[in-house]
Amino acid sequence: MRVARLPARDEPGRGRLPVPRRPRRFRIVRPVADGSDSPKEACGVFGVRDPRQPVAHLTYLGLFALQHRGQESAGIAVSDGAKILVDKDMGLVSAIFDEHRLRALPGIMAIGHTRYATTGASAWHNAQPVARQAGDVFFALGHNGNLVNTAELAAGPADVSDSDVVAALLAGALTADGGGDLIAALSAVLPRLESAYSFVMMDETRLIGARDPHGFRPLFLGRLDTGGWVLASETPGLDVVGARVIREIDLGEAVVIDDDGVHSVQFAASRRRALCSFEFVYIARPDGRLAGVGVHAARRRMGQALARQAPVDADMVMPIPDSSVPGAQGYAAESGIEYGDGLIKNRYIGRTFIAPTQTLRDNAVRIKFNAIEDNVAGKRLVVVEDSIVRATTLRATMRLLRDAGAAEIHLRVLSAPYRWSCFYGLDTADRSRLVAATMTVDQIRDHLGADSLAYLELDSMLTAISPEPNGFCTACMTGDYPTPIPGMLAK
Ligand code: SF4
């Protein structure tokens, strides 16, 4: 068996063969300014096994479709059946990979990852996929989610990602059991992990997808016409490579894909189902489906419910683009108020961008949005936003609309107040920075400079998402966490 040299922990520059060492003159700068007031995404994962197709290219397309879930770093690992190669870097998928780099990744299967850092710094050594060697076994993994017991599980340095910790645990289990079987190691390690994970993994010959027993983060299995198999965080990741959806990975289930097809392993009993309700509010692409529900239609129903719950006399309903668009359309349809655009978003900016000076950071919203004065001036506006987390950028957006001449601003929010930190894969900071944790709704209205403010009530939000409104995590709105949260994290 021919094996590739795989990266050891904290060994930058050796993950890809060959990988040039990052020149010292470059500094990794975390994108700090974001024109949206929504939570930051956690990660997107993709995997494909198809000996008949260029798997690195398919993974590139899959990651491109999942780019909205994380824009800080991206990577692809491939196996040709005998060795694993990893290529990863900081930045957007389109900026990292070109034809030359993809051609250098031949194989029969691949996994890919787009990252937004939750545990572990936004740095090259935390980019994924993570790869390890344990005895004769080589494996790579990509993780969407967040673990709450990383500190308890970690044996190494503090500044590592939870995914690194999982890789180290798997390597330890592979070495300990002597047999060196990744599935056995998974069955031993995954039940020890607390909270949210959807993994794609592979050893030299098998592609694996695994989902935590609560099902916080989505993970789909799809099939290509060639007979190949695909895993993706969201259905658009399957669509983009021409795969049809077969099913979601079950709670506590791992699917193992090899030459003989798909094998299911229940590594832990399923627990209280807790799919993140914010996948429907903000995270997931509107053209996708989750838990059998179309995301776009769910957002539109939230807007309709909000119009029934919090009506107002106004001239125009407008969204904060982009994720609030279906909700604003729903509000307009239900209320009979004209729908229009009051803000134009710079479509080339993505969800994050670099603002190199404090002045530019203060004006971040103007980099991302501009008001359409002709549509806004003198109007009574219903402004629909998906969520309010810290309120800093939304406050600036309200100012933008006032400066453009808005006569009244009635802010309507498609979710219930975001009062508690998320420990399951969204970066929403600690509670002291969540505006709804420290202010009443009236105080938030005044803070934002709106004439009125209403949030969609939680029950209405869940009913709008699905006719089966149980089975969703709502912890950031209720404080009812589906898993125990260690005291050191719960501030
Ligand atoms: S706490 Fe909120 S954002 Fe986090 S998983 Fe639960 S519903 Fe989603």
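Every residue gets a Cβ built from N, Cα and C, even glycine.
Look at TrEMBL and you will find 1-21 tagged as region 'Disordered'.
Residues or ranges marked as active site, nucleophile by TrEMBL: Cys43. Around the Cβ of Cys43 (active site, nucleophile), the number of neighbouring Cβ atoms within 10 Å comes to 28.
Look at TrEMBL and you will find 43-260 tagged as domain 'Glutamine amidotransferase type-2'.
Residues or ranges marked as [4Fe-4S] cluster binding site by TrEMBL: Cys276, Cys422, Cys473, Cys476. Every protein chain considered, the tally of other Cβ atoms within 10 Å of the Cβ of Cys473 ([4Fe-4S] cluster binding site) stands at 26. DSSP classifies Cys473 ([4Fe-4S] cluster binding site) as strand under the three-state reduction.
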Around Cys276 ([4Fe-4S] cluster binding site), which residues of its chain at least 6 apart sit with Cβ under 8 Å of its Cβ? Ala196, Phe216, Arg217, Ile283, Tyr424, Gly425, Leu426, Phe472, Cys473
Mean pLDDT across the domain 'Glutamine amidotransferase type-2' (43-260) comes out at 91
Can you name every residue in this chain, apart from Cys276, Cys422, Cys473, Cys476, with its Cβ inside 8 Å of the center of the Cβ atoms of the recorded [4Fe-4S] cluster site? Phe216, Ser277, Phe278, Tyr424, Gly425, Leu426, Thr474, Ala475
Whole-number answer please: how many Å between the C-alpha atoms of Cys476 ([4Fe-4S] cluster binding site) and Cys43 (active site, nucleophile)? 18
Least surrounded, by Cβ count within 10 Å, of the binding-site residues Cys422, Cys476 is Cys422
One should report the C-alpha separation between Cys422 ([4Fe-4S] cluster binding site) and Cys43 (active site, nucleophile), rounded to whole angstrom, as 14
